Structure formats: C-alpha cells, structure tokens
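For 1-61, the entry in TrEMBL reads domain 'HTH tetR-type'. The DNA-binding region feature in TrEMBL is assigned to 24-43.
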Amino acid sequence: MSTRDQILDSFETLIIDQGERSATLSAVAKAAGVSKGGLLYHFDSKQALARGLAERIEEFSHVETQRLRASEDPARQYLEESITLAEPIDRTFVALGGLALLDDYEVARSALSDADDRILTLFTELLGDRSIALLVVRLSDSFYQRAGVGIESSDEAGDLESILRLVDRLRSQSAEG
C-alpha cells in the first residue's frame, strides 16, 4: 500500500472512530506511521485530505460503473451490496459523509453528490426509466444507511427479493407503455 493510501486510510479511521476534530494532521501522521513532514509531502491540510477522499470516491465510481454495466442484474447486485458495509470504499463513503455534515467540507458534499449523480445516470440508462432508477438508488441509500448504523431487518433476503420483484414489475409496466 502506498504511503498516500496509508495516510488516507488513517484519516478515514480517525473520522469514523473519533470524529473530524480528532483527525488533526499530527494524529493522522501518527496513525499512518509517518512523520508530519511525510504527511505534509502528500497532503498540506485537512482540506487536502478531504480532496484525497473525494478522489477515491470518483475513482471508485468509475470502477463501479464498469462493473455494473457488465452485470447480468445490476439492480440486484447494487442493492445486495448496499445491505452490508464490507468493502474498503464503504469506509470512504462513511468518512466523507461525516465531513459533509460540517460547513468546512464542501468538497465532501460535492464528491458525494457527484457520485450519486453518476450512479443515478447509470441506472437510468441501464433500467431505461428514471423513476425506476430513482427507486433503486434511493432504496440502496436506505439499505446503506441502515447498515451503517447497525439496523438489520429480520428478513433482509426476503425484503430484498420483494423489492426486486417490484422493480421487475415496474420495468415490465414501463416497457409496455
């Protein structure tokens, strides 16, 4: 792992575990196992660290777009992956979400908004209907939020299947006319 990625991982961890105020440059450097000078070589401020996280989300969005385009059932895949926060990029989303709540981090709000726009555009294209795309993306957001705060359904798999049947019915109705 590159030093830059180590630093960003440490920044994410501090934000998630202790909040933005605890993620000082000194604390990030210490957590990453680099000198403060080493950190400053890559990131000269917390804003620069936030921009680094924003760049991660943008890179992820492009990879995710390609992956979903190649999927046999992109809506299913996207919703299934929203039920758990198991991927490293999930930590980036959570950290940016924490920063987005603070006035000083427009870069975080912008990155999350851009990622949302990209995925909504993709699903509009893949599903052929913006309303159905909105349904899939916003349901994914809800699953993701619930997973992020540890709320589990008593029947996650059944809930997901019900939702996917509804999406299929709506797509059929939309195609008919």
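Counting starts with 1 at the first residue shown.
Each residue, glycine too, has its Cβ placed from N, Cα and C.
Keep in mind that TrEMBL annotations are predicted by a computer and have not been checked by a curator.
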* Could you tell me what the rest of the chain brings near the DNA-binding region (24-43), counting residues at least six beyond its ends with Cβ under 8 Å? => 3-4, 6-7, 9-11, 13-14, 49, 52
* Stretch-averaged pLDDT - the domain 'HTH tetR-type' (1-61) -> 96
